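Per Swiss-Prot, the feature region 'Enoyl-CoA hydratase/isomerase' maps to 1-189. Here Swiss-Prot flags Glu119, Glu139 as site 'Important for catalytic activity'. Swiss-Prot lists Asp296, Asn500, Tyr660 with the feature substrate binding site. Marked as region '3-hydroxyacyl-CoA dehydrogenase' by Swiss-Prot: 311-729. Annotated NAD(+) binding site per Swiss-Prot: Met324, Asp343, Val400, Val401, Glu402, Lys407, Ser429, Asn453, in sequence order, evidence recorded as sequence analysis. Taken from Swiss-Prot, the feature active site, for 3-hydroxyacyl-CoA dehydrogenase activity covers His450. The feature region 'Disordered' is assigned by Swiss-Prot to 708-729.
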Amino acid sequence: MLYKGDTLYLDWLEDGIAELVFDAPGSVNKLDTATVASLGQALEVLEKQHDLKGLLLRSNKAAFIVGADITEFLSLFLVPEEQLSQWLHFANSVFNRLEDLPVPTLAAVNGYALGGGCECVLATDYRLATPDLRIGLPETKLGIMPGFGGSVRLPRMLGADSALEIIAAGKDVGAEHALKIGLVDGVVKQEKLIEGAIAVLRQAITGDLDWRAKRQPKLEPLKLSKIEAAMSFTIAKGMVAQTAGKHYPAPMTAVKTIEAAARFGREEALNLENKSFVPLAHTNEARALVGIFLNDQYVKGKAKKLTKDIETPKQAAVLGAGIMGGGIAYQSAWKGVPVIMKDINDKSLNLGMTEAAKLLNKQLERGKIDGLKLAGVISTIHPTLDYAGFDRVDVVVEAVVENPKVKKAVLAETEQKVRPETVLASNTSTIPIGELASALERPENFCGMHFFNPVHRMPLVEIIRGEKSSDETIAKVVAWASKMGKTPIVVNDCPGFFVNRVLFPYFAGFSQLLRDGADFRKVDKVMEKQFGWPMGPAYLLDVVGIDTAHHAQAVMAAGFPQRMQKEYRDAIDALFDASRFGQKNGLGFWRYKEDSKGKPKKEEDAAVDDLLASVSQPKRDFSDDEIIARMMIPMINEVVRCLEEGIIASPAEADMALVYGLGFPPFHGGAFRWLDTQGSAKYLDMAQQYQHLGPLYEVPEGLRNKARHNEPYYPPVEPARPVGSLKTA
């Protein structure tokens with residue numbers, strides 16, 4: 001053994017070839033600060049070996065290196081800029097030493113090689129991969145850019161266009177695509193990986209492969225003419241401006257850095273990468289996006305812990321076909337859980353099967369599946385008008401019309417057709433689970449399971465724990481949701497649960513703005529372009545359905561009369577009474593027509609202004625800041641109330657539910673991350689200006705206490721240790 005660290009070791013393999021093996025405690029390798037330091041120490045030992053002829057890098061895990069240790073990021077990002085820059089220089093000196101070894105080097109890459117893992121293998125001369133490889137640089141999705149030389153080496157290896165596509169989009173690619181673009185040099189079966197790697201190294205050692213020529217382009221300026229450079233970078237900047245926008249600075253910074261570094265060799269190019277990385281790491285966007293990643297890990301870990309002793313349902317059923325039922329059935333079948341889809345008429349069953357078939361055909365068109373796979377999946381969805389086979393199902397989700405009487409009747413009838421241990425769930429979006437459970441003989445086997453539309457796209461499923469829901473019931477439904485590829489978040493019961501409970505105060509703020517004379521077009525524009533929502537409130541209401549919102553508004557008002565009971569007729573009432581139900585019938589705040597792809601396209605409709613005039617004061621202008629404040633304060637206050645009342649268990653779960661269920665702008669990180677970034681005291685000052693607007697604008701006492709004591713909702717993060725100690729971690 002030449003060197004043994006906590007996360008890697010170095011040893012002789014054969015005939016002058018050494019192997020450096022990443023083998024961290026636990027299930028995965030991460031390129032954390034300690035591993036970077038250990039890699040430097042291993043290279044120091046290696047540089048003294050006069051008999052060294054070649055080096056093989058490999059992993060003892062199912063994945064090579066999954067990336068940097070993102071749990072370290074928030075503390076690293078608090079380190080002063082100069083110290084962070086020094087540490088990056090140190091880390092890059094380690095990878096440069098790997099790249100500068102006087103012998104050929106090869107990385108045998110299996111599973112994931114992402115972020116720092118990818119940057120590590122870019123420093124070797126050759127890369128041999130297994131078919132399960134996923135390799136790429138996802139840093140821009142975390143609000144930063146590659147910092148270990150990825151923005152320098154990748155363009156010089158692949159050419160500007162392919163590298164920009166990966167770096168700017170934060171993409172990873174599979175083995176075959178990586179081979180095609182030159183990111184890896186070969187793909188071999190797992191059992192042949194080491195044998196193949198040694199064979200390539202031997203060829204390089206004997207001179208059959210020119211490893212020096214392979215290495216040289218990574219040390220030089222990017223080989224692009226002025227015209228080629230202008231075309232590549234102009235197109236890339238245009239694409240990034242269109243897709244990322246101003247709220248996500250990292251992709252544009254990465255493109256501009258690669259452009260500026262193109263005319264320099266490795267050392268100066270790395271300096272430019274360093275100068276760009278450090279300011280990005282100190283942005284609120286980076287902290288928010290890293291926070292989302294960590295929250296996602298926390299939520300998924302919590303679900304895994306909850307279901308560790310539970311068998312995943314093997315047979316499911318959906319009550320109520322149509323678009324929603326068909327979407328749920330598709331998602332379950334697609335992920336390997338056969339499903340019975342029951343309805344009371346053929347028309348709805350046909351609609352549900354058509355929806356499932358449409359989604360599968362899209363997968364076929366994209367090359368994700370072949371015809372055989374499509375036929376196999378669709379055959380596991382069984383449409384039926386009766387309860388045949390329900391005695392075999394493990395879990396049933398009801399997705400019928402949002403009417404408590406109908407839901408109670410359907411659930412009570414179904415309970416008589418299933419085994420005593422079968423779990424029942426309701427896809428209700430607003431009706432309290434306790435109310436629906438009153439119709440059942442076994443309420444302990446019942447809970448809520450709220451999907452979001454469209455089911456195949458929206459990652460969140462709210463699992464609602466009723467007063468009598470058993471732990472086993474919740475665990476079974478969480479297991480099914482996880483199997484479907486969803487992110488389940490368990491909440492406690494109340495009208496609207498968590499997501500809709502906090503959404504409708506937001507809509508109430510919108511209604512009040514319109515009542516006071518705001519133009520809905522400007523409100524949408526501000527909330528989309530300035531705050532960053534994917535849709536403004538008017539557009540969102542049209543997508544949700546004005547009729548659906550009108551009904552849900554009444555349910556929420558009955559549940560929370562002090563805050564959510566209206567004392568006036570509002571814009572939603574006016575549109576509902578005029579049968580303008582949104583996209584579903586082509587008329588809402590906008591008029592909708594199908595575009596060439598069959599998707600609804602919104603158009604201006606002057607008639608809506610006359611309708612809104614009947615429930616509004618004369619038009620007047622509002623500043624962007626006032627619009628944002630009046631829209632967001634009711635939502636933020638309600639989110640805080642949900643935490644204080646125990647409806648949602650933690651700020652992390654609340655923020656993930658908002659991002660995954662409502663599209664809360666990820667660069668804000670969620671409501672609690674946004675509050676912490678603003679500061680509770682600053683938020684309180686803003687909110688107090690609008691308290692006269694009513695109870696929805698009254699700040700909860702718990703938030704006032706946070707402001708008084710200057711306490712954040714997330715635990716404070718301490719800066720990482722000084723750079724000197726990071727080196728030797």
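Yeah, the Cβs are placed from backbone N, Cα and C, and that goes for glycine too.
Since this is a predicted model, take the numbers as computed values, not measurements.
Ranking the binding-site residues Met324, Val400, Val401 by C-beta neighbours within 10 Å puts Val400 at the top. Neighbour density at the Cβ, taken as the number of other Cβ atoms within 10 Å, is lowest among the binding-site residues Ser429, Asn453, Asn500 for Asn453. Confidence over the region '3-hydroxyacyl-CoA dehydrogenase' (311-729), given as mean pLDDT on the 0 to 100 scale, stands at 95. If you compare every pair of Cα atoms in Met324, Asp343, Val400, Val401, Glu402, Lys407, Ser429, Asn453, the residues listed for NAD(+), the longest distance is 20 angstrom. Around the residue listed as 'active site, for 3-hydroxyacyl-CoA dehydrogenase activity', taking its Cβ as the centre, 25 other Cβ atoms fall within 10 Å, counting all chains. Here nothing among the recorded positions Glu119, Glu139, Asp296, Tyr660 falls inside 10 Å of the CA of Ser429 (NAD(+) binding site). In this view, Asp343 (NAD(+) binding site) is surrounded by 22 other Cβ atoms within 10 Å of its Cβ, with every protein chain counted. Under the DSSP three-state reduction, Asn500 (substrate binding site) is assigned to helix.
According to DSSP, Lys407 (NAD(+) binding site) is assigned to a helical segment. Annotation note: the residue listed as 'active site, for 3-hydroxyacyl-CoA dehydrogenase activity' sits in a strand segment as assigned by DSSP.
Of Glu139, Glu402, His450, all annotated as recorded positions, the residue with the shortest Cα distance to Asn500 (substrate binding site) is His450.
When the recorded positions Glu119, Met324, Val401 are compared by Cα distance to Glu139 (site 'Important for catalytic activity'), the shortest distance belongs to Glu119. Note on Glu139 (site 'Important for catalytic activity'): other Cβ atoms within 10 Å of its Cβ, all shown chains, come to 30.
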